[in-house]
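A quick write-up on the structure given underneath.
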Amino acid sequence: MRRMSVFPQHGTALETLGLTANEIRQEVENKTSELVSDLVNLSAGGRFQAIRSLPMSFNERKTIRNRVNSVKLSKTILSADCRQQVSRSFRRFRASLASARQHLVVWQDTLKEIGGRFGTSVLSYFLFLKWLLKFNLFSFLINFCFITIPQIVHAPNISSVTGFRGLELLTGVGYFNQTVLFYGGYNGEVIVSTPAYNMQLAYFFTIAAYLVLCGVSLIYSMSRSFQNNFVLETGPVSGGAWRLLCSWDFGVVNEKAIQYNKNNLGIQLKESLSERLQEKNKTSLSDRIKRLSLHLLAWLLSLGLALGSGAGIYFLGTDKLTFNFDNDPNDLKAEASTLLLPVVVSLINLIVPLLYSLISKMESYSNPRAQIYISIIRNVVLKMSLLGILCFYWLNFVPNKISCWESFVGQSVYRLLIIDFIFCLIGIFFGEFLRNVIGTMCIQSLGVPEFDIARNVLDLIYAQTLAWIGIYFSPLLPVMQVLKLFIIFYLKKISLSMNCQPPKHTGRAAQIQTVFIALLFFPSFVGTLSMVAFTVWRLRPSDQCGPFQGLDTPFYAIFNWIDSIQDPPESKWVWWIFENVLRSELFYYLITLIILVITFFLWQITQGRKQLIKTLREQIVNEGKDKVFLLNKLQTIQKQRREMASYIPQDFDQTTHFNTNWMSTLPFEM
């Protein structure tokens, strides 16, 4: 079939009418001009569809489109098309901005690579690390902008500067002793400017605002994670059928990682079946007594190790580490001795969890999920007991023995953070690299080590707790935490690619991310908030250093500020709010009551949704039963019809009978 064209070929109907070639070309040009003028008046979408539907070849349609575009460009009024072109340009610009923003996101491609090779469970560790990095980066920015920069511009509170010797990078003392890195490098003077800048209020409100924002962010993240991992993944939907049909990680593209995921899925199905069998199988009374006795003994050993470690740290801190630079700031031996406590703490955090693993293997838990939770609880008890002993020592003994005790506490936290980072590097080398070499070359039965998500996340929580504890005593301590997390990210990525394999219990590890966020909130953040609040409300600040020197407690800076704004009429409303609202017990009672009412209301909504889900599931089950009943009924009816159709009578009269009174059967009268 020949394609139609507005450009005539030889032997067309126009030639049969006796027209010349010029007349034919003129007629074709007129038709083409009329077509172009009609297309110009259409909208962009209609014009595109009209040109596309023309019965012409591609080149001819292209020629028509070019003529239409040239005619439209020659016009001066292009309102509709201009709006469409501008809208299209803005959409393209917005898409390019979105693409550029994705490229500017930190570690975007790296995280995609990790998720594609090792799955979302391993990726969750790196996302948690990135989340903590944002916390500390935000803390550094607000502390540096509102506390450090005004102090540096005004003039640092430096009485004497010791020469840099290199050991300060580990100890935090010496050259750093009177710098803005620690509490003693700040003073409480009012910077003369327009308006005046009060360093006491800046120091207090900056730390308080950061802690409040951290608390709000943690509560929001914990609630979202709880909703996704506990509320939406509980009940029958998290059973074996759901895990088999809906739990595949489609982000994994690496062939080796796909095989790992297949094996992990098989392990999870076996675990789910074994848990169901354990619920059905009832053990004897003697076996249960033996198991409870073994668990009780294991818990006694675990608590004994935690208490013994805490007692050792307490006596080591009170007896040996009362180093004070007021006597001899150039004593390198005394300065190096301050590293003894953080080294011992890091050794305990490294060795005791290994003993906990041996104890857990002796218990031989049949439920892997219970084993993971118990291991987490024991490690949290160990780490929080060590930090609790250290905080008790810092807040009860140090203020009575050292003149600038806030800087001493900041330096102690700095040393703990640095030594913990060094032990983390040692753990990556010995615990993962050498373990991989031994498992692949020497003792192949050991195999490639697994990436322990729980232990690594607990290490991050411990380090973040240290950073939060030291935020009041060392405002720039988040800088060290940012550098530490940044280096650990790349080292863990390299070690994961070269030395480790994904864990076998990926589904279980991914589901306990809510537990990790909850642990970061309590006891980590809540304990830190309690310590800082106790320091601000109860302890007397140093008389020789810091922004709050000369006050009974740091909170008295707020009272002095409120008294100063009581007389001016333009700020009297602030004094009224502070005296009648913030200092009133009734206000906090009402706030607590409102929070409880909102919590109860949300809890009732959750219970209602759970009941609705239960009812809908029952309806699904009932509808399934109804369908089974109807199908059985339909099959019975079909079977009866087949039996009736297969029955043929033996005596069948084929003679035609005629009714003579057929006229009486008609419905009308003839």
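Note: Cβ is positioned from N, Cα and C throughout, glycine not excepted.
Note that the structure is a prediction, hence the values are computed from the model and not measured.
Here the transmembrane segment (131-153) has long-range neighbours at 106, 180, 185-187, 191, 197, 199, 202-203, 206-207, 209-210, 213-214, 217, 221, 460, 464, 467, 471, 475-476, 478-479, 481-482, 485-486, 489, meaning same-chain residues at least 6 beyond its ends whose C-beta is under 8 angstroms from one of its own. As annotated by TrEMBL, transmembrane segment applies to 131-153 (among others).
Taken from TrEMBL, the feature transmembrane segment applies to 201-220 (among others).
Listed as Cβ neighbours of the transmembrane segment (296-316) (distance under 8 Å, sequence separation of 6 or more from its ends, same chain) are residues 340-341, 344-345, 348, 352, 355-356, 359-360, 362-363, 378, 381-382, 385-386, 388-390, 392-393. Among the features that TrEMBL reports, transmembrane segment is placed at 296-316 (among others).
Under the heading transmembrane segment, TrEMBL lists 336-359 (among others). Non-local neighbours of the transmembrane segment (336-359) in the same chain are 167, 170-171, 173, 298, 301-302, 305-306, 309, 312-313, 316-317, 320-321, 323, 375, 378-379, 382-383, 386, 390, 411-412, 415-416, 418-420, 422-423, 427, 455, 459, 462; each lies 6+ residues outside the stretch with a CB under 8 Å from one of its CB atoms.
Note on the transmembrane segment (380-397): residues 302-303, 305-307, 309-311, 313-314, 317-318, 345, 348-349, 352-353, 356, 405, 409, 412, 416, 458, 461-462, 465-466, 469, 519, 523-524, 527, 531, 534-535, 539 of its chain, located 6 or more positions outside it, place their CB under 8 angstroms from a CB of the stretch. Annotation comment: TrEMBL describes 380-397 (among others) as transmembrane segment.
Secondary structure counts, DSSP: the domain 'TMC' (404-510) has 83 helix, 2 strand, 22 coil. Here TrEMBL flags 404-510 as domain 'TMC'.
Distant neighbours of the transmembrane segment (412-430): 169-172, 181-182, 338-339, 341-343, 345-347, 349-350, 390, 394, 459, 462-463, 466-467, 469-470, 473-474, 477, 480-481, 484, 487-488, 491-492, 495; these residues of the same chain sit at least 6 beyond its ends, with a Cβ under 8 Å from one of its Cβ atoms. Feature annotation from TrEMBL assigns transmembrane segment to 412-430 (among others).
Tertiary proximity for the transmembrane segment (466-491) is limited to same-chain residues at least six positions away from its ends with a CB under 8 Å from its CB atoms, namely 107, 126, 129-130, 132-133, 136-137, 139-140, 143-144, 147-148, 180-183, 186, 203, 206-207, 210-211, 214, 387, 391, 406-407, 409-411, 413-414, 416-418, 420-421, 424-425, 428, 460, 524-525, 528, 531-532, 535-536. Among the features that TrEMBL reports, transmembrane segment is placed at 466-491 (among others).
The transmembrane segment feature in TrEMBL is assigned to 512-537 (among others).
TrEMBL lists 586-605 (among others) with the feature transmembrane segment.
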